[in-house]
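Novice: Got a structure for you, written out below as structure tokens; questions coming shortly.
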């Protein structure tokens, strides 16, 4: 099956609350490869690659807020965006 890509930019109270750590666990659940990192503006950026169905489930989970302490304001989704092909899902520091 073909793998789809997406870049997500998540705004709100998403840094310092375990968001990247729990996002990594959600990525494992849906067989997502890619990265998650904090941005200087307080948002989080996620690069994701997976089969379409799993990618959509992952995006839905992110919209709900994977970390209990986070408060999501908005999730900007750029499907089909160029993403580095990876075998794992990693937190970028």
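Easy rule for this one: first residue shown is 1, then count along the chain.
Glycine too: its Cβ is placed from the backbone N, Cα and C atoms.
Got these off Swiss-Prot a minute ago, pasting:
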type	residues	note
DOMAIN	5-93	domain 'Acylphosphatase-like'
ACT_SITE	20	active site
ACT_SITE	38	active site
Novice: Within the chain of residue 20 (active site), which residues six or more apart in sequence place their C-beta under 8 angstroms from its C-beta?
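Specialist: Listed in sequence order: 36, 37, 38, 44, 91.
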Novice: Including all protein chains shown, what's the count of other C-beta atoms within 10 A of the C-beta of residue 38 (active site)?
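Specialist: Total other Cβ atoms inside 10 Å, all chains included: 17.
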Novice: Using DSSP, what is the helix/strand/coil residue split across the domain 'Acylphosphatase-like' (5-93)?
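Specialist: Counting residues per DSSP class in the domain 'Acylphosphatase-like' (5-93), I get 24 helix, 36 strand, 29 coil.
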